[in-house]
Amino acid sequence: MAAARLLLLAAALALLACGGPRAGAQLSAGFYSAACPAVHGVVRQAMSQAVANDSRSAAAVLRLFFHDCFVNGCDASLLLDDTPTTPGEKGAGANAAGSTFGFDLIDAIKTQVEAACPATVSCADILALAARDSVNLLGGPSWAVPLGRRDATFPNATGAATDLPGPGSGLAALVAAFTAKGLTSRDLAALSGAHTVGMARCASFRTRVYCDDDVAASFAAQRRQGCPASGGDDALAPLDAATPADFDNGYYQNLVAGAGLLHSDQELFSNGPLDSLVRLYSTNGAAFSSDFAASMVRLGNVAPLTGTDGEIRLDCRKVNS
């Protein structure tokens with residue numbers, strides 16, 4: 001019995017020595033309750049003003065959070081600019097072509113947080129709080145955000161090019177991408193509902209509206225009017241045309257009607273294993289909101305840097321000197 005305990009202890013120590021699985025175990029909603037209790041109000045006020053000025057700011061910040069967490073975990077590596085020796089993540093893969101344009105807003109929030117609590121709150125935590133507030137300010141759910149992340153000291157441009165699912169991804173690829181981050185198919189179905197807000201470029205949905213067999217004819221015809229068969233790559237269309245500035249379950253209603261804007265969206269409702277969840281969310285907004293909030297917490301727990309790993313960046317665009 002004693003020998004068995006010693007073996008278990010040795011195994012536990014070995015796991016700790018190797019760093020263990022980078023889950024969100026060390027994160028806590030009250031992490032800044034003593035060091036920077038003002039951070040929640042500062043972020044909320046800044047996001048409220050930004051969304052009042054342009055509701056698309058909310059979708060932009062939410063997209064930043066997703067794209068950050070899917071590469072190296074939720075460590076603000078996406079926010080780092082290129083340097084002469086190290087390419088950043090901003091121009092790689094699905095981040096390219098200006099699709100993640102909320103960086104200036106995060107910079108502005110960071111400046112305000114630094115004024116209130118110098119060198120205390122990480123850019124990764126600011127992004128997590130801003131993403132939650134983005135959803136809630138557009139009428140979506142709120143949730144307690146586990147905090148205590150630290151910031152990466154290097155980007156991963158290669159990971160940004162390989163780990164982020166694209167608008168043309170099939171269901172198997174989407175499930176595999178989420179599974180690789182420790183997320184489930186239910187998380188995939190719920191988190192994809194973020195596409196109830198925001199815009200997409202013609203280049204990302206052209207094939208969908210001109211070539212896919214499962215697209216509603218009237219929807220395809222409408223979207224083609226603003227997205228020519230060639231050229232016009234940067235023309236924008238709302239991901240949810242009915243309520244583009246409301247965080248609701250309209251996205252799922254679109255999928256059931258064959259009116260998902262992206263191929264990757266419609267894949268969730270394509271006579272496959274997620275059809276039942278899509279139907280549930282399309283008729284039960286409360287079920288969607290509850291699952292979305294829970295999945296956002298799980299997403300935020302993907303491989304955070306905690307303890308003495310990483311740093312508290314003073315400028316979200318560059319590592320501390």
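Cβ coordinates come from backbone N, Cα and C, glycine included.
Taken verbatim from TrEMBL:
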type: DOMAIN; residues: 26-320; note: domain 'Plant heme peroxidase family profile'
type: BINDING; residues: ASP68, VAL71, GLY73, ASP75, SER77, GLU89; note: Ca(2+) 1 binding site
type: BINDING; residues: PRO165; note: substrate binding site
type: BINDING; residues: HIS195; note: heme b binding site
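This view paints the features noted in TrEMBL onto the structure.
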{"residue": "ASP68", "record": "Ca(2+) 1 binding site", "Cβ contacts under 8 Å, 6 or more apart": "CYS74, ASP75, ALA76, SER77, LEU78, LEU79, ALA124, LEU127"}
{"residue": "VAL71", "record": "Ca(2+) 1 binding site", "Cβ contacts under 8 Å, 6 or more apart": "SER77, LEU78, GLU89, ASN156, GLY159, ALA160, ASP163, LEU164"}
{"residue": "PRO165", "record": "substrate binding site", "Cβ contacts under 8 Å, 6 or more apart": "ALA94, ALA173, LEU174, ALA177, SER264"}
{"residue": "HIS195", "record": "heme b binding site", "Cβ contacts under 8 Å, 6 or more apart": "LEU239, ASP240, TYR251, LEU261, LEU262, ASP265"}
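A mean pLDDT of 96 is what the model gives for the domain 'Plant heme peroxidase family profile' (26-320). Within 10 Å of the C-beta of GLY73 (Ca(2+) 1 binding site) we count 24 further C-beta atoms, all protein chains included. Neighbour density for SER77 (Ca(2+) 1 binding site): within 10 A of its CB lie 26 other CB atoms from the protein chains shown.
Other residues of the chain with a Cβ within 8 Å of the Cβ centroid of ASP68, VAL71, GLY73, ASP75, SER77, GLU89, the Ca(2+) 1 site, are HIS67, CYS69, PHE70, ASN72, CYS74, ALA76, LEU78, ALA152, PRO155, ASN156, GLY159, ALA160.
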